Amino acid sequence: MKKGKMIIISGPSGVGKGSVNGELLQNPDLHLRYSVSMTTRKPRNGEVDGVNYFFVSNEEFAKAIVNDELIEYAHFVGNSYGTPRKYVEQELKKGNNVILEIEVDGATQVLNKEPNVLSIFLMPPNPTELANRIRGRQTEDEEKIKARLDKALLEIPLKHNYQYVIENDNVPNAVAKITDVLHLEGLTDIKTPTVYERLEQIVEQIVKEKYMYFVNNWETNVKLLAKNEEEKNKAKNFDAETYLIKLLTKKVYHKVLGHGDFSKLLDKDFVDFKIQKLMFKINFFSVEQKHYNNDEF
């Protein structure tokens, strides 16, 4: 049986991790299990012990740390949060993927210690929307809300430590993006092609229609700029068309993951517009020619 994978879905407090994960867990093709965190904070209205969190005392939490029962833990706004190790390891052995809905501090610990991890950073559309979501909970006073917002400003720059950055402008859009990422990473039973694969086909059409003159000149220049025998041999195998298709696909895909309507990736006019902008921005002379075989993709 194939072992499951830990999936970190992290981001600032109030970004909507719980709402997104709740929807993801409804899809049986994703083989997802939710890792119930341990916390010392008081339950919010409607939260159930053992379902939403394991609510424990400060003493019990400290004991769990000493006994190495937590994969990660962090202290946040006067409370402690951690991920119990036993449940996660059991589910991974069963072939399930386990969502770790954790704060950025805890995610950093896991990324530094665990090799079998897929990491996703969930972004708010803007700071105002983040503040509105936190206030909308109506569970904390203004001082704690300010502390959460201040911490968010320190956490958001750490998004580049994650494999994928996904904006949660609305839950259905964010769920569609994450579902495709999981499919792309080979973690689902979904049989249809990924949006990424379909996007790559659209990009290929556009490159063939509009950019072959550029491609041919690029290949010629690479060969002319080769300085020694090793570089000349590599230049012979340089497939500029394939390289450009993969480069543009990757950039357009990640751009829309970070901001935009995911369904637009299947709109040829939209993709064409994005490619036009990228072609002016990419400095092709700075692209490392060591990747002649497209191995970075």
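Even glycines carry a Cβ here, placed using N, Cα and C.
These come from Swiss-Prot:
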- G11, P12, S13, G14, V15, G16, K17, G18: ATP binding site (BINDING)
- 4-183: domain 'Guanylate kinase-like' (DOMAIN)
- 204-297: region 'Unknown' (REGION)
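Listed in sequence order, the residues of the same chain lying 6 or more apart from G18 (ATP binding site) and placing their CB within less than 8 Å of its CB are E101. A C-beta separation below 8 Å, combined with a sequence spacing of at least six in one chain, links G16 (ATP binding site) to L122, P124, R133, N168, V171, A174. Look at G11 (ATP binding site): DSSP puts it in coil. In the predicted model, residues of the domain 'Guanylate kinase-like' (4-183) average a pLDDT of 91.
Sitting within 8 Å of the Cβ centre of G11, P12, S13, G14, V15, G16, K17, G18, and not among those site residues for ATP, are the Cβ atoms of L122, P124, L130, R133, N168. With a cut-off of 8 Å between CB atoms and residues at least 6 apart in sequence, the same chain places V104, P124, L130, R148, K151, A152, E155, I156 near P12 (ATP binding site), listed in sequence order. According to DSSP, K17 (ATP binding site) is assigned to a helical segment. One residue stands out among the binding-site residues S13, G14, V15 for having the most other Cβ atoms within 10 Å of its Cβ: V15. With DSSP states grouped into helix (H, G, I), strand (E, B) and coil, the region 'Unknown' (204-297) comes out at 67 helix, 0 strand, 27 coil.
Around K17 (ATP binding site), the C-beta neighbours below 8 angstroms that are at least 6 residues distant in the chain are I9, S10, G11, E101, L122.
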